[in-house]
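Features reported for this protein in TrEMBL:
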- ASP108: active site, charge relay system (ACT_SITE)
- HIS151: active site, charge relay system (ACT_SITE)
- SER334: active site, charge relay system (ACT_SITE)
- 412-534: domain 'P/Homo B' (DOMAIN)
- 1-25: signal peptide (SIGNAL)
Amino acid sequence: MKSYIFFLIVIFFLFGCGSSRSAQSNEPLDDNTTQNESLENNAEIDDNTTQIDANQTQNDPLMTYQWYLYNEAQNVGDAKGGSYGEDINLKSVWDSYTGKGVKISIVDTGIDSSHKDLQNVDQNLSFRYSDEINTSDLTSSQTNNSLANAHGTACAGIIGAQKNSYGIRGVAYGATLIGLNVYSNPTDETFLRALSYEGVDISSNSWGNSGNSLFDDTYTVSGIESGLEKGREGKGTIYVFAASNLATNSNTFTPASHRGAITVAATDADAKQASYSNYGSNILLCAPGGEDGYKEVAIVTTDLTGKNFGMDEGIIDKLEENNGDYTAVMNGTSAATPMVSGAVALMLEANPTLTWRDIKYILARSARVNDASNDSWHLNGAGYSVSEKYGFGMLDVNASVEMALDFKKLGNASETTLSRNSITQAIPDNNTKGIVSSVTILEDILVEHVDAWVDITHACIGQLKIKLTSPSSTVVNLAYADGISGKYEQWRFGAAHFLDENSNGEWKLEVIDPNGGCNGALNEFSLKIYGRKL
């Protein structure tokens, strides 16, 4: 079995990054933080919390605290709120679209079928892999470890909690949810089956690499490839992936760097990078993920039903009229990912003819610049603002749906032939200049995604910085000298940030070892570009 994680609560009881495919994976990880004093009071709802428009909350009372839908700087108990207006801009979309008719699989720990807010889970389409039956429910062993395994239910609520005069409301509350309980039997084959699951429009994946190491997950990648080709009658399944919660490079996990993945970073309630959020050239956009839920607001969503069960197990997490069925401490790129999945459902209801490439393109082009003063922002060669922290910016649901309605489709996909430079070069040790290897692309393609393979012999790959420069002089970081472990043996990096540049010309790979103590060499650099012909 390979090591996987799902991203749950990343501050206090670090469940974020807390599960792998093996049984031990569900153990909480310690991030050396300490539990807040008087937790009993910290998560209680404050009667003075700012209230959003009563017309929007009349059917779902806890919506008042869903700042990610309507950010009015509201607090949740003692947890400090953020900045007015820094939300996903959903207000006007529900007048026309709810996600009706769109099927979203939640590849996770299962979904509590008894939850009143989640009665739109299709049990006949859901699947539990441990006993091969159609159900979204957790196994008995999962319920015995209910805190760790509440994750899927929390993600489901963010996507599709119903408009029903009860609890919260999901981004696409009219969508059909499908629970694929891969963590009931977390094997490679299980994940392959779940990612290639038939009849799904959107696959929401709030899980990924378990540590700061390279992980080439060929099984999941095969599932993605199958869904892109066969899903939605050839238009392709939409894959949404969490960037991960390790505050390091997201380009270390091949599903999240795949051309078919919409990889999502997380922000806090001020629309600034969340303390845990990964970054990298594979990030397409960001969405709210919140912080700890005690000092700063986290995400209010559904929990396993019953008090002291699910996320309330071991955490006093009181919500007004909660009865233990909701939580205010969900956070992470796990929370940001289902927001994007819900937004895609609204886009597909508005225009079901869109392909997976169309959806990915629209999300990038409709995202808005957040945290504008952050020095990670730069213009790519097509004139688009992009950031390694935020991708093309914050999810803007209204803008994405409006763009989807009248979108002129991208048309036939095109790709360059694989270009390779196999001249071996020694990498200077303790040197800030490094080496440069280049390839020349002759085809004229408007770039949608770039794959760069490197083959490097080096005892300390965590010391290496790797950069890729396009013919338009856009520079992206592929590796950061951040202590990563593993081997760069034909390792594929993915880059989304060259969007709409012309592929034609010289592409340069720079490898730098600014630290001493290890020697090595770049053996080969290869490049392939995906997009559409000019």
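For all residues, glycine too, the Cβ spot is worked out from N, Cα and C.
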**OP:** Could you tell me how many residues in the domain 'P/Homo B' (412-534) are helical, how many are strand and how many are coil under DSSP?
**Re:** 3 helix, 74 strand, 46 coil
Subject >> Distance [Cα-Cα, Å, rounded] between HIS151 (active site, charge relay system) and ASP108 (active site, charge relay system) >> reply: 7
Subject >> For the active-site residues ASP108, HIS151, SER334, the one whose C-beta sees the most other C-beta atoms within 10 angstroms >> reply: SER334
**OP:** Report, in whole Å, the straight Cα-to-Cα distance of SER334 (active site, charge relay system) from ASP108 (active site, charge relay system).
**Re:** 10
**OP:** Check the domain 'P/Homo B' (412-534) for me and report the mean pLDDT.
**Re:** 97
Original post:
Secondary structure at SER334 (active site, charge relay system) (DSSP, helix/strand/coil)?
Top reply: helix
